[in-house]
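Trainee: Here it is, the structure in full.
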Amino acid sequence: MPDSINNGHKESHDHRISNDAEMITDEKWQAIINNDAAYNNQFFYAVKSTGIFCKPSCKSRVPKKENVCIFPNTEQALRANFRPCKRCKPTNEKMPDSEWVDLITEYIDKNFTEKLTLESLADICHGSPYHMHRTFKKIKGITLVEYIQQVRVHAAKKYLIQTNKAIGDIAICVGIANAPYFITLFKKKTGQTPARFRQMSKMEETYNGNK
């Protein structure tokens, strides 16, 4: 059933984090939320929901405290499979565009049920909206918006086939609050309305079952 989001990315980090990460103290948390450059090179913080690690002075959106883990150096953060922030460059090296786009798609795949905008994604994934839009299209061949739509329509197909949820409920489940817009988008991407897609899927299932 498509009710749960795949957390494989998070789990890939967790087995390494416990060995290398330090406890987050109030002092370090204050340094993070205040972007305190005085703590740069004293520690680095990683965000489990994005797979990115930063300097304390990074100007990106303040993460949820429960998603943060602390590393004394960049080597240990890298060893735990976190990748350096493209904005604050904690390793003083530029992250390859392909790796950055992988992080973005990974985040979308896990969080497509939420409200996603170019601005919010750029903030979460530590880049500028314009650069993110341009880089994503260069690597993937489609825009960020098109990719999000693709992921949502794919998830909607699963709901239509595997559940009896109402069309409006499915729209909400895949991150689209406006049911008429969802129906229009689904038809644009598949050539069928959601109701017609469900009907055809059931007919195909019945036909195959009677073979």
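Keep in mind that glycine also has a Cβ here, set from the backbone N, Cα and C atoms.
OK, Swiss-Prot features for this one:
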type     : residues           : note
BINDING  : C54, C58, C85, C88 : Zn(2+) binding site
ACT_SITE : C54                : active site, nucleophile
DOMAIN   : 102-200            : domain 'HTH araC/xylS-type'
DNA_BIND : 119-140            : DNA-binding region
Trainee: Of these binding-site residues, C54, C58, C85, C88, which scores lowest on Cβ atoms within 10 Å?
Mentor: C88
Trainee: Which residues, same chain and not among C54, C58, C85, C88, have a CB within 8 angstroms of the centroid of the CB atoms at the recorded Zn(2+) site?
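Mentor: Not counting the recorded site residues, we get I52, F53, K55, S57, K59, S60, P84, R87, K89, P90, H126.
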Trainee: Under a three-state reduction of DSSP output, how is C88 (Zn(2+) binding site) classified: helix, strand, or coil?
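Mentor: Its secondary structure by DSSP: coil.
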Trainee: Could you give me the DSSP helix, strand and coil counts for the domain 'HTH araC/xylS-type' (102-200)?
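Mentor: The domain 'HTH araC/xylS-type' (102-200) comes out at 74 helix, 0 strand, 25 coil.
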Trainee: Tell me the coarse DSSP state (helix, strand, coil) of C58 (Zn(2+) binding site).
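Mentor: Reduced to three states, the DSSP call for C58 (Zn(2+) binding site) is coil.
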